[in-house]
Amino acid sequence: GHLAAATSTGGMTAKTPGRVGDSPVIGAGTWADDETVALSATGHGEYFIRWAVGHEVNARMRWAGQSLNEAAGAVVRELGEIGGSGGLVAVDRKGNVSLPFNSPGMYRAWCGLDGEINTGIYR
C-alpha cells in the first residue's frame, strides 16, 4: 500500500496577518513517504517549521533506524525543549500508529492494527 498525509488547520487566535503555519509546509506539519511514515502535526507552527518536524521524524526512521514511536516521541520531546508545544498523528508503513504530544492535551482518534477504535484528549 501507499502512505498519504493531509493536514488542515483552524489557525491560531490573534495570529499576525499573513502568517503561514506549519500545516501547508511539506516537511513541517505534513509528511508522507511510502518507505517510512505519514504524519500530520498540530501546535505552534513556527516551531514545527523551524524544527522541520515531519522531515525529522522521517529522517530518524530512515537513516537512524528508529521505530515510529522512538522517532516521533523524541522529536516531540525535543520540540518542547525549545519552547514548541503540540503533537503528531503518525502511521508507519506497517500500520503502527504513534500520537505523541507535549501539550496538556490533544484530541485524537485512531484504529489500531487489531481493529479497535481508540480516542483520547488527555494523557
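The chain as shown is numbered from 1 upward.
Positions of Cβ are set from backbone N, Cα and C atoms, glycine also.
No curator has checked TrEMBL annotations; they are predicted automatically.
Quantities reported herein were computed from a predicted structural model and do not represent experimental measurements.
The feature compositional bias 'Polar residues' is assigned by TrEMBL to 1-11. The region 'Disordered' feature in TrEMBL is assigned to 1-27. Residues or ranges marked as substrate binding site in TrEMBL: R19, V20, G21, D22, T42, G43, H44, G45.
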Most isolated by CB count within 10 A, of the binding-site residues R19, H44, is R19
Do you know the DSSP helix, strand and coil residue counts for the compositional bias 'Polar residues' (1-11)? 0 helix, 0 strand, 11 coil
Surrounding CB atoms that lie within 10 Å of the CB of D22 (substrate binding site), all protein chains: 28
By the DSSP assignment reduced to helix, strand and coil, which category contains G45 (substrate binding site)? helix
Maximal Cα-Cα distance (Å) across residues annotated as binding substrate, namely R19, V20, G21, D22, T42, G43, H44, G45: 15
DSSP secondary structure for G21 (substrate binding site), reduced to helix/strand/coil, please. coil
If you count the other CB atoms within 10 A of the CB of T42 (substrate binding site), including all protein chains displayed, you should get 24
Those residues of the chain, 6+ apart, with a Cβ under 8 Å from that of V20 (substrate binding site): G45
